[in-house]
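**Student:** Below is one structure. I have some questions about it.
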Amino acid sequence: MSFRPGSRGGSRGGSRGGFGGRGGSRGGARGGSRGGFGGRGGSRGGARGGSRGGFGGRGGSRGGARGGSRGGRGGAAGGARGGAKVVIEPHRHAGVYIARGKEDLLVTKNMAPGESVYGEKRISVEEPSKEDGVPPTKVEYRVWNPFRSKLAAGIMGGLDELFIAPGKKVLYLGAASGTSVSHVSDVVGPEGVVYAVEFSHRPGRELISMAKKRPNIIPIIEDARHPQKYRMLIGMVDCVFADVAQPDQARIIALNSHMFLKDQGGVVISIKANCIDSTVDAETVFAREVQKLREERIKPLEQLTLEPYERDHCIVVGRYMRSGLKK
């Protein structure tokens with residue numbers, strides 16, 4: 001990376017020269033040395049990069065490591081908590097909310113207040129009580145990032161029917177470490193249940209530790225291809241959500257639906273085209289998968305690509321017709 005002491009030295013040196021007394025003097029020589037925030041962030045990025053890069057080899061390493069990492073940390077905490085007044089509005093899907101503030105965010109009511117599952121932002125809002133003389137209660141919401149969750153991406157894209165609502169029983173196939181599962185747990189609430197099936201043991205361990213704090217999640221570390229292995233743990237469910245990314249995912253979903261899903265129950269499937277067939281275009285893959293679902297008595301209701309959030313992904317929502325599809 002080319003470094004021009006003049007450019008950085010002048011700008012940072014001049015700006016921060018007033019306090020600390022180092023900016024002006026060392027500006028030209030060390031590249032705006034102790035600028036940044038708190039006297040370190042910018043410093044070692046520009047400073048040592050230019051002056052000490054030649055001998056000792058410290059320039060590049062410290063520039064990338066300290067300058068970059070500390071900059072990122074500032075961004076993470078910002079957003080809704082930055083002193084802005086946040087108003088929570090209910091989304092048209094029950095159990096999902098929108099936080100209106102500096103930016104509009106998709107949020108769910110935290111089932112385990114004070115606990116963050118994957119480092120997501122939390123927003124505390126005072127809700128006035130319905131009785132006179134009772135102080136307002138604090139309610140915590142968790143930001144649901146559509147870039148981290150296919151289900152959130154589908155909701156942002158405008159899914160009409162979700163089948164996941166307060167009090168519902170949901171079978172979640174391909175739960176991984178529980179990023180989306182935790183939000184589904186928030187949506188169904190204490191009256192609902194999420195049966196989270198994951199085959200890999202490493203994410204499975206994280207899923208189990210998360211489920212310890214959320215009594216409505218039942219983690220099942222088992223292969224979703226063999227639903228008979230966990231049939232004694234699950235009753236009939238209202239909805240099957242699948243994010244398994246396997247070539248035979250239509251068959252996996254069908255097996256679980258036939259065994260656990262109520263008649264007229266909902267099926268929500270995230271399809272990743274590359275995982276099923278990377279030799280044809282995504283639209284062809286989606287069409288083939290929808291046809292396979294029809295053959296398994298799942299009536300497709302809508303299909304939605306997750307374009308701004310995920311590439312070559314789509315969500316298909318269907319209804320399970322136990323008696324068969326009418327021709």
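Glycine residues also receive a Cβ, built from the backbone N, Cα and C atoms like all the rest.
These came from Swiss-Prot, pasted as-is:
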type: COMPBIAS; residues: 7-82; note: compositional bias 'Gly residues'
type: CROSSLNK; residues: K150; note: ubiquitin cross-link
type: MOD_RES; residues: R12; note: omega-N-methylarginine
type: MOD_RES; residues: R16; note: omega-N-methylarginine
type: MOD_RES; residues: R22; note: asymmetric dimethylarginine
type: MOD_RES; residues: R22; note: omega-N-methylarginine
type: MOD_RES; residues: R26; note: asymmetric dimethylarginine
type: MOD_RES; residues: R30; note: asymmetric dimethylarginine
type: MOD_RES; residues: R40; note: omega-N-methylarginine
type: MOD_RES; residues: R48; note: asymmetric dimethylarginine
type: MOD_RES; residues: R52; note: omega-N-methylarginine
type: MOD_RES; residues: R58; note: asymmetric dimethylarginine
type: MOD_RES; residues: R73; note: asymmetric dimethylarginine
type: MOD_RES; residues: R81; note: omega-N-methylarginine
type: REGION; residues: 1-83; note: region 'Disordered'
type: REGION; residues: 8-83; note: region 'RGG-box'
type: REGION; residues: 22-42; note: region 'RNA-binding RGG-box'
type: REGION; residues: 58-75; note: region 'RNA-binding RGG-box'
type: REGION; residues: 243-246; note: region 'S-adenosyl-L-methionine binding'
type: REGION; residues: 281-313; note: region 'Helical'
**Student:** Could you break down the residues of the region 'Helical' (281-313) into DSSP helix, strand and coil, giving a count for each?
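**Tutor:** Across the region 'Helical' (281-313), the residues distribute as 14 helix, 9 strand, 10 coil.
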**Student:** What are the DSSP helix/strand/coil residue counts across the region 'S-adenosyl-L-methionine binding' (243-246)?
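**Tutor:** Breakdown, helix to coil: 0 helix, 0 strand, 4 coil.
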**Student:** Are there any residues at least 6 positions away along the chain from the residue listed as 'ubiquitin cross-link' with a Cβ closer than 8 Å to its Cβ? List them or say none.
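**Tutor:** Correct list: S180, D243, S270, L306, E310, H313, I315.
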